[in-house]
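Annotated features, as they stand in TrEMBL:
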- 21-44: transmembrane segment (TRANSMEM)
- 98-117: transmembrane segment (TRANSMEM)
- 124-142: transmembrane segment (TRANSMEM)
- 182-203: transmembrane segment (TRANSMEM)
- 224-251: transmembrane segment (TRANSMEM)
- 263-284: transmembrane segment (TRANSMEM)
- 291-315: transmembrane segment (TRANSMEM)
- 321-344: transmembrane segment (TRANSMEM)
């Protein structure tokens, strides 16, 4: 085990230090992770402060209702949202902040994987993922502005008759979090540009790898690229689908309006993510039609579930971030299904023989056991 770890570490370091572009690429990736996580941690802390302030506001308003001079307004700025409803909304935003932080770590691991395997498909996709993160950050900023404004208008409506303008202003939620989120956006723009530029440079360096692994056959290279795209999509699907559905489960647990049957169904969909993706990947590699059919059925069921979540829960709560993740998840599943179908059409064309040959060649080398050298 230790020998394998040392071997992998040495190979990773040799790939990182191979050229100035590989060094700059991973340096920016690590820098992005550190800077983005620090800023998002600040955003998380400010949103936690906002959630505590909402709890205090709810207590203050309940005390106000017990006063003899209280006159019920029975008016709401947004739908029938009371302070507990706004608090639940803030807790959902906090969950989104945590998801962003964890995803930055996942993205850095994906960058290391791209360098280790010198995978041009992953290099290209990382630039696209950074664009999605930029969209996520933009929606996050808009969502904060929207809910802070609604909450402060509700505060004015509820307390204006009982407080001086100065005291009323002190009750308002501060918009400090918006400044932190705007700074996050500025850095994300920089990181998007860097990932695209360095990705372009590395694409030229790594482009010969498929030729080296597979050979000069254009059809075989195309089949292998299809496999690499599907492999990449399963990695992203794992994190996005699991993350989104866990966020949705947290929301359901925190909302008493949803019964236990809904929670059980959503828990089942969370539990089948890994088996479904694993079955799909194994089906493509082994050219197993039954496995790929089961994968397709589960994927279609997941799409239906995502549409159900979107229509039943997310839209009703004006959840911008979860709406974005839901639509992105559906898009990725469709892309995975299309890629799986393309791989299915390649069954029997010879790519499976390459996997089997490479696996057989590694049997005599203990350090190669348990992995597929074709992915190097």
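Including glycine, each Cβ sits where the backbone N, Cα and C put it.
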CB contact flag for the transmembrane segment (263-284) and the transmembrane segment (321-344), at least three pairs under 8 A: yes
Interface check, the transmembrane segment (224-251) with the transmembrane segment (21-44), three or more C-beta pairs under 8 A: no
Touch test for the transmembrane segment (21-44) and the transmembrane segment (321-344), at least 3 Cβ pairs under 8 Å: no
Recorded stretch, among 98-117, 182-203, 291-315, 321-344, maximising Cβ pairs under 8 Å relative to the transmembrane segment (124-142): 182-203
